[in-house]
Amino acid sequence: MHQVYNYFGYIEKKLYCEEVSILNLASKVGTPFFVYSKKAILDKINQYKEAFKDYDTLICYALKANSNLSLLKIFEENGLGADIVSGGELYKAKKAGFSSNKIVYAGVGKTDFEISYAISENILSFNVESFMELDVINEIASKQEKKANVSIRVNPNVDPKTHPYISTGLKKSKFGIDIDQALDAYKKAVKLENLNVVGVHCHIGSQIMDVSVFREAAEKVVDLVFKLKKEGIELKFIDMGGGLGVKYHPDDNPPTPKDLADAIIPVVKQTGLKLIIEPGRSLIAEAGALITKVIFLKDKQEKHFVIVDSGMNDLVRPAMYNAYHHVLNVQEKDEEMIADIVGPICETGDFLALDRKIGKVERGDLLAIMTAGAYGSSMSSNYNVRPIALEVLVDGPNFKVIKEREDYKHISKYEEEVL
Ligand SMILES: Cc1ncc(COP(=O)(O)O)c(C=O)c1O
Ligand SMILES: N[C@@H](CCCC[NH3+])C(=O)O
């Protein structure tokens, strides 16, 4: 196979995922659909495990990147923990079999119900994002006659040099507690009777291509750990969050898990504390593609349009961040064309690629939108009452449908129930 993206490549001009022809797959399951390579996922898991094997590290997969239960099971079976951000993600993590002592829970707006649910599940740590949240967790834990494990999410004011919408560690961002206020937060937390103070958490952003920013953040967190020690506050772990970038453009050269380990382990090591990391995108993005069919071609005076059966409801990243996703023809072509590849949704922002050079397509041809494994299906919606796309997992020559295509009845189920 002439490999193009990870486990995606061409055999006799036809695109394959591992040993499965995408054309054959589409004829069996219809379009649009997300396809994932199990080997690509296992490769990434192993790269992470290998990179961090010499330091006591818990790798918690961030469910927000993709929470399909069959994929979660792969991460769980390979020993990873889970990073969650809602009660729904906790439910899915438990359903996939993650043990509670490997679950960490971040988020600026945890509801009382979600806090109570996570306390009853005895999770490893709440990553607390405000002073008020400390009081509320303490109060709810006291009602349950329990102690909740908490870490403070600190905001180190480090610029991750990524898209502003996915930068989370800057002073003006809503996330975490400013690192200069962290000491006060810890002093408060240790006084609250129903809290166990266990760690410190920090997540500076996503799609980070320069690992030096992780080192910078780790140095600030380690300084804080030493300050806390002086005050008699001893922690068990440092959670450095996720954020490693992936290859979207063919010329991208993202850092590897080893680069990340080399940047942060020497810093964290000074404390002797256990390390937690929370990668999402880098474990799953490159393992997935969105397969869509060309419905119409339209030549306007200014532009050519390729109109496909998938849009911003399946993959919102281009509309939301003007993100680049590489587009491959499922059947390689000899001639080329330049076009906007757009969806059927009534929004001008509903595009998958703009002014993009692809092989010249005809009605009915298939396109593969690459690097769609993360923040694709997990961010999809029913906008324009479009069913959520089907998902398929490929393993060598075999494939399995891991999410059925929604039907119209299912989309309107809860409304029909109250009609
Ligand atoms: C707290 C937290 N942890 C982990 C992640 C996962 O990040 P990524 O998918 O960039 O690895 C995110 C998302 O940015 C996050 O907000
Ligand atoms: N959804 C974003 C990443 C958000 C990260 C979550 N804090 C993306 O597609 O790039």
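Using the three backbone atoms N, Cα and C, a Cβ is placed for every residue, glycine included.
Whatever TrEMBL says is automated annotation, not expert-curated.
Quick caveat, the model's predicted, so the values are computed rather than measured.
Per TrEMBL, the features are as follows:
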| type | residues | note |
| --- | --- | --- |
| DOMAIN | 33-373 | domain 'Orn/DAP/Arg decarboxylase 2 C-terminal' |
| DOMAIN | 40-285 | domain 'Orn/DAP/Arg decarboxylase 2 N-terminal' |
| MOD_RES | K64 | N6-(pyridoxal phosphate)lysine |
| BINDING | G243, E278, P279, G280, R281, Y375 | pyridoxal 5'-phosphate binding site |
| BINDING | R281, R317, Y321, E347, Y375 | substrate binding site |
| ACT_SITE | C346 | active site, proton donor |
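Locations of recorded TrEMBL features on the structure.
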residue : record                              : Cβ contacts under 8 Å, 6 or more apart
K64     : N6-(pyridoxal phosphate)lysine      : D83, V85, E89, G280, Y375, S378
G243    : pyridoxal 5'-phosphate binding site : P160, T162, H203, I204, G205, S206, Q207, I208, F214, P279, R281
E278    : pyridoxal 5'-phosphate binding site : C60, Y61, A62, D83, V104, A106, H203, D239, M240, G241, G242
R317    : substrate binding site              : A323, H325, Y375, G376, M379
C346    : active site, proton donor           : N384
E347    : substrate binding site              : M312, A319
Please list, in sequence order, those binding-site residues from G243, R281, R317, Y375 with the Cβ less than 6 Å from ligand 2.
R317, Y375
Among P279, Y321, C346, Y375, please name the recorded positions whose Cβ is nearer than 6 Å to ligand 1.
P279
Using a 10 Å radius around its CB, how many other CB atoms surround Y321 (substrate binding site)?
15
Once G243, E278, P279, G280, R281, Y375 are set aside, which residues in the chain still have Cβ within 8 Å of the Cβ centroid of the pyridoxal 5'-phosphate site?
A62, K64, A65, S206, G242, L244, S282, L283, A374
In whole Å, the longest Cα-Cα distance within the recorded pyridoxal 5'-phosphate binders G243, E278, P279, G280, R281, Y375 is 15
In three-state terms from DSSP, label Y375 (pyridoxal 5'-phosphate binding site) for me.
coil
Run through the Cβ atoms and count how many others sit within 10 Å of the one on G280 (pyridoxal 5'-phosphate binding site).
24
